[in-house]
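Undergrad: Below you'll find the structure I mean.
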Amino acid sequence: MAMDGYLWMVILGFIIAFILAFSVGANDVANSFGTAVGSGVVTLRQACILASIFETTGSVLLGAKVGETIRKGIIDVNLYNDTVVTLMAGEVSAMVGSAVWQLIASFLRLPISGTHCIVGSTIGFSLVANGTKGVQWMELVKIVASWFISPLLSGFMSGVLFVLIRMFILTKEDPVPNGLQALPLFYAATIAINVFSIMYTGAPVLGLSLPIWAIALISFGVALLFAFFVWLFVCPWMRRKIAGKLEKESALSRTSDESLSKVQEVESPFKELPGAKASDDSAVPLTNPTGEAVGPSEGTSTGNHPRTAYGRALSMTHGSAKSPISNGTFSFEGHMRNDGHVYHTVHKDSGLYKDLLHKIHVDKGPEEKLSQENNYRLLRRNNSYTCYTAAICGMPVHTTFRATDASSAPEDSEKLVGDTVSYSKKRLRYDSYSSYCNAVAEAEIEAEEGGVEMRLASELADPDQPHDDPTEEEKEEKDTAEVHLLFHFLQVLTACFGSFAHGGNDVSNAIGPLVALWLIYEQGGVMQEAATPVWLLFYGGVGICTGLWVWGRRVIQTMGKDLTPITPSSGFTIELASAFTVVIASNIGLPVSTTHCKVGSVVAVGWIRSRKAVDWHLFRNIFVAWFVTVPVAGLFSAAIMAIFMYGILS
């Protein structure tokens, strides 16, 4: 059949396929590196660079297998033997429907399944073209079943792996020996899974034809070699690195203790920090470590040399003043301006912001019950330094309290302070930057002397509410510095392989219809017997990477931070188990959802770490989206197909 007259449809298909790949990159790639970014092992820029490499490689080596299922496994293409153009229009409609819904979801920061989109879109155009007889319902049932099997299987595997890691490494008094012994095994397992996948699926692309036992033997051999390399070189290097870090932290702690021992208590309503103005508007003098005064030029230097003020060491790095206190309970960063003041901004995602938010007591009347989201709004609405200072000093913040109230009626603010708060703090203004800095400094000193946490707890506790110790469900496990180093690079490696698996699985969602469209145009028939062209898979990989760079960060926040807190150890288990599930599914040609696998692993590990750590409201929304995506994408596709059949092609 002559297809020259329908070249415009092929060109349109290439354009829409790139947009579809863009939407896949903007939405689904967050599944691969979201946890790595959330745990802090890589920055967003580094994640984009690594994902671009591994997504493209995975799409070329693994994408052809799943593409066949998307092209032929959902509908019966033989029904279009006499209406080839109708099938071409259907493939274009499927890409439009899937792309539109994924772009909308990305704009709304809603993580959805790209597999759901393309399956729903394919069914949508088939229902318009041939009714229900065009759909292979048993194949659809298998695919729908895989949507539930994949999160359960991935979650189970992640949970078992995390329990083992916690039992043999995390809960040990010294996790380093067991962790170093397990590193070769972890690396070997990661390498073996992905080498087997490449050899099993990518061998035909590379011109190789090997039996499965040979592929398994090669994978096992490569994993053993890599494990030996890790044991011989990586483990000793990691041991030295951990020992050096612990020694450095010990030295910093001793330095901090020596500095704090020189602090002379000054009985004053409040103390000014370096960079702030004194009460008489004179500049606060700074002294160097030898006790000599330094001039203004030195006070605003951006060098890395330390300085001491009121007996407390401060270090300047690129104009930022950082507290040297090593316990990490309170910390602040300032930025120097020309007027000599140090200005501080607390961001919503910072640890200090969240720490202060937990310490603020919000008065709730019987007629006003504020949700957690309203608590955040209250903290942002009330002048930041007012709320922060009040939180540190133990002053409950009422919903009607404003910064102007504190300055205009200081006696009213005293009424809001509990009896346990010291007299000096009762007389302290809460609406200035100086008072905020003084409160932070005082709290840091008291924290080093001990008892500050108990003091804060007693000051901020509601007298009408009994104090409850955190239950086992509310406790959240934290990675120590040694564990963080052990799993740091390991999570990066598993995230890279997870991105590799995602490229192999989800490139078919964007390129599967385009491959069908191209093969129909090239061969003039619907059987599509030729192999998937590698250059089309590469084209899809480029589109996915473009979407990641432009819009990917919107959904990374949801997967990496909002659903549950991620640590390097938990992130490793999530990445490895979900990647294993996706790679196995890709090799058997089952289009599972990487979103479902990752969500299942994140929820399972988060639930094991802490019963209250999982955002079940967000999980419910994601679960609902699994059901909404198929019909919505199908409706978009059906609408476009109706335009083709009853308008353009009629």
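Backbone N, Cα and C define each Cβ position, glycine as well.
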Undergrad: With Swiss-Prot open, pick whichever of Asn81, Asn130 is annotated N-linked glycosylation site.
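TA: Out of Asn81, Asn130, Swiss-Prot attaches the N-linked glycosylation site annotation to Asn81.
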Undergrad: Quick test of your reading of the annotation: per Swiss-Prot, do Ser250 and Leu618 share a side of the membrane?
TA: yes
Undergrad: Quick one: which of 306-321, 450-465, 594-609 does Swiss-Prot have down as transmembrane segment?
TA: 594-609
Undergrad: Summarise the topological domain 'Cytoplasmic' (27-46) by DSSP state, stating how many residues are helix, strand and coil.
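TA: Secondary-structure composition of the topological domain 'Cytoplasmic' (27-46): 14 helix, 0 strand, 6 coil.
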Undergrad: With an 8 Å cut-off on Cβ pairs and a sequence gap of 6 or more, do the transmembrane segment (6-26) and the transmembrane segment (84-104) reach 3 or more such pairs?
TA: yes
Undergrad: Near the transmembrane segment (47-67), which residues from the same chain, at least 6 beyond its ends, have a CB less than 8 A from one of its CBs?
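TA: The answer is 25, 29, 32-33, 36-37, 197-198, 201-202, 204-205, 492, 495-497, 499-505, 507-508, 511-512, 515, 531-532, 534, 537-538, 540-542, 544-545, 548-549, 552, 556, 583, 586-587, 589, 591.
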Undergrad: Among all the protein chains here, how many other CB atoms are within 10 A of the CB of Asn81 (N-linked glycosylation site)?
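TA: Taking all protein chains shown, Asn81 (N-linked glycosylation site) has 11 Cβ neighbours within 10 Å.
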Undergrad: Between 84-104, 110-130, 214-234, 531-551, who has the most Cβ pairs under 8 Å to the transmembrane segment (622-642)?
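TA: The stretch with the most contacts is 110-130.
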